[in-house]
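If you look up TrEMBL, you'll see A:ASP5, A:ILE6, A:GLY7, A:ASN8, A:THR9, A:LEU10, A:LEU11, A:HIS12, A:SER97 marked as ATP binding site. Per TrEMBL, the feature substrate binding site maps to A:TYR71, A:GLY75, A:VAL76, A:ASP77, A:ARG78, A:THR149. Residues annotated as active site, proton acceptor in TrEMBL: A:ASP77. Residues or ranges marked as K(+) binding site in TrEMBL: A:ASP94.
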There are 2 protein chains.
Amino acid sequence: MILCDIGNTLLHFYKEGRVWACAPQNLATHKEALQGEVFYISVNPESTNALLEFCSSATDLAPKMQLESKYEGLGVDRIAACLGLCGKSGVVVDAGSAITIDLMDHGTHLGGVILPGLASYAHAFKSISKALDLPLNLRVDLKSLPNATADALGYGVLQSVLLTLQHLIGERRAYFTGGDGKFLANFFSNGLYDGLLVFHGMLAVLGA
Amino acid sequence: MILCDIGNTLLHFYKEGRVWACAPQNLATHKEALQGEVFYISVNPESTNALLEFCSSATDLAPKMQLESKYEGLGVDRIAACLGLCGKSGVVVDAGSAITIDLMDHGTHLGGVILPGLASYAHAFKSISKALDLPLNLRVDLKSLPNATADALGYGVLQSVLLTLQHLIGERRAYFTGGDGKFLANFFSNGLYDGLLVFHGMLAVLGA
């Protein structure tokens, strides 16, 4: 059984505890690995079509991804990550192209917040002015005031994201996933990184 | 005497207490208003050239914009806004294409932070995914958890910007300027909006 989480940028695969990622245009090179029953969720119709070209029998798990929530239009990847908590309470932080923050209370979704992903901030600064087209210094010391542009950008991004996370997480347990999840989890003593959270949610739905 | 603050997007003019803004491609329609001695500061070389086409004798005030600071590469518009405090201590928040936050202590610049401007966040979300291409709801209630995408985006942007501002402002007096300055100042009991802060700094340098 192969699981596929089709994101805004990449397709993420899971097979027997092993994971790999692939851009939609590079799927042909992963064709061998896609032998078997494939279950997917997707937030990107173009990438879904790319997958279906190679695995026409792949099954969309979306209809089975049910979460108790008042949220209108909650993305299926967020639902999967929340289901990955398997009934535990806490805050799910998926830090990818966007950073989504969802609060879960014993299997019920209480609401959620969206921030740009860390790379998206850099892209936003670049669009504003050539003077801000610099690599963000995300290793900046948040205890002192920046005195250079790369530090001022890094401080703005990191501090604003961390303060928002702290505000929403509070004393709760936080479960980080996504490309920048590991980096962000390090700032929280009550934070855990689980790169497989979305797949755990898909496996839970499949009863696997 | 006419003052001009050339920003990333628009040229902002000041004449005898009156202000107006103009896109560089529309300068011709403002030609009549540009009769007289013109002093400018600029962070946008293309727009500077556009101004100089109509006012070839306009004087760049940048060499006179001196601020005591360890910050490397502080933009001349930020220097002008800080000088606009005329020696008072406090935090200068210029909320335009970017949001710059600079701490001033009796005429000395202590450091600064940069965030994307509010419109830039919306643009960033749009670039991430079609599903996030929605108008941000910046009137969202920050006391309850969002349960719709426009609210989740608005909450993320507003809460992250406000928490960062609160963290940097603390008990200090804050001086807001720029297109979104008035909106943001409303969230701070110790916040003042002064749309002319940059021009006050230019006038201070001119001894006017």
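Using the three backbone atoms N, Cα and C, a Cβ is placed for every residue, glycine included.
Note that the coordinates shown come from a computational prediction; the quantities given were computed from them, not determined experimentally.
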Enter the number of other CB atoms within 10 angstroms of the CB of A:GLY75 (substrate binding site).
25
Do me a favour and check the Cα-Cα span between A:TYR71 (substrate binding site) and A:SER97 (ATP binding site); whole Å is fine.
21
Using C-alpha atoms only, work out the spacing between A:THR9 (ATP binding site) and A:THR149 (substrate binding site) and round it to an integer in Å.
29
Can you check which residue among the binding-site residues A:ASP5, A:ASP94 has the largest number of Cβ atoms within 10 Å of its own?
A:ASP94
Substrate site span - longest C-alpha distance across A:TYR71, A:GLY75, A:VAL76, A:ASP77, A:ARG78, A:THR149, in Å:
38
Please give me the CB contact count at 10 A for A:SER97 (ATP binding site), counting all chains in the structure.
24
List of the binding-site residues A:GLY75, A:VAL76, A:ASP77, A:ARG78, A:SER97 facing chain B, defined by a Cβ pair under 8 Å:
A:GLY75, A:SER97
Using C-alpha atoms, which one of the binding-site residues A:GLY75, A:ASP77, A:ARG78, A:ASP94, A:THR149 comes nearest to A:LEU11 (ATP binding site)?
A:ASP77
Cα-nearest neighbour of A:GLY7 (ATP binding site) within the listed binding-site residues, A:VAL76, A:ASP77, A:ARG78, A:ASP94, A:THR149:
A:ASP77
In whole Å, could you give the widest CA to CA gap in the ATP site formed by A:ASP5, A:ILE6, A:GLY7, A:ASN8, A:THR9, A:LEU10, A:LEU11, A:HIS12, A:SER97?
14
